[in-house]
Amino acid sequence: MYLINQNGWIEVICGSMFSGKSEELIRRVRRTQFAKQHAIVFKPCIDNRYSEEDVVSHNGLKVKAVPVSASKDIFEHITEEMDVIAIDEVQFFDGDIVEVVQVLANRGYRVIVAGLDQDFRGLPFGQVPQLMAIAEHVTKLQAVCSACGSPASRTQRLIDGEPAAFDDPIILVGASESYEPRCRHCHAVPTKQR
């Protein structure tokens, strides 16, 4: 599945918050380094929760990353000796990320992206569904529901300990202070009173 002599391909790692997406991306990047492959990691500038210039998992694993403001900025950092391009928090990138990932894979790079497949409302998030559709390999991870202990496929946003309303802003960068993993049955999204 991961033979480097193959032409380029796309791998998507997705799931809810706290499911281990960044941890899995870091693991795959580290494996490429053991194989003497050259990897570069990108993250959106908006993701500054733990570090400005590292991808950091919730359990503290980290790898150096290049923060970029726009998807097409990724091209400025790619060199011929690169084998693997990794992109974390891909849901925060602009709509051009799908084209950027396609171009990189078509040029022969192994492209690994990680991100939320659903927003806090349980709806498809950003460009992740499109990336899943064009990827050769998709890994969907689950966390453990913080309410009942079942497998969690959704991300619950909390505002002062209560579920956020459906029409609250989609993007709010945060961690355990704002989000919990939830299963389908414990996930709640009330409609906001007008």
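Using N, Cα and C of the backbone, Cβ positions are placed for all residues, glycine too.
According to Swiss-Prot, the protein carries these features:
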- G15, S16, M17, F18, S19, G20, K21, S22, D88, E89, V90, Q91: ATP binding site (BINDING)
- E89: active site, proton acceptor (ACT_SITE)
- C145, C148, C183, C186: Zn(2+) binding site (BINDING)
Among G15, S16, M17, F18, S19, G20, K21, S22, D88, E89, V90, Q91, the record's ATP binders - longest CA distance, Å: 16
Pairwise Cα distance for C148 (Zn(2+) binding site)/S19 (ATP binding site) [Å, integer]: 16
Least surrounded among the binding-site residues, given as V90, C145, C148, C183, when other CB atoms within 10 Å are counted: C148
G15 (ATP binding site) - helix vs strand vs coil (DSSP): strand
Listed in sequence order, residues not in C145, C148, C183, C186 with Cβ within 8 Å of the centre of the Zn(2+) site Cβ atoms: S146, A147, G149, S150, A152, R182, R184, H185, H187
Site of maximum Cβ density within 10 Å, from recorded positions D88, E89: D88
Binding-site residues compared (M17, C186) - highest count of Cβ atoms within 10 Å: M17
Structural state of E89 (active site, proton acceptor), classified by DSSP into three states: coil
Close in space, distant in sequence - G15 (ATP binding site), Cβ under 8 Å, 6 or more apart: K21, L116, D117, K140, L141, Q142, A143, S153
Integer Cα-Cα distance in angstrom, D88 (ATP binding site) to C183 (Zn(2+) binding site): 23
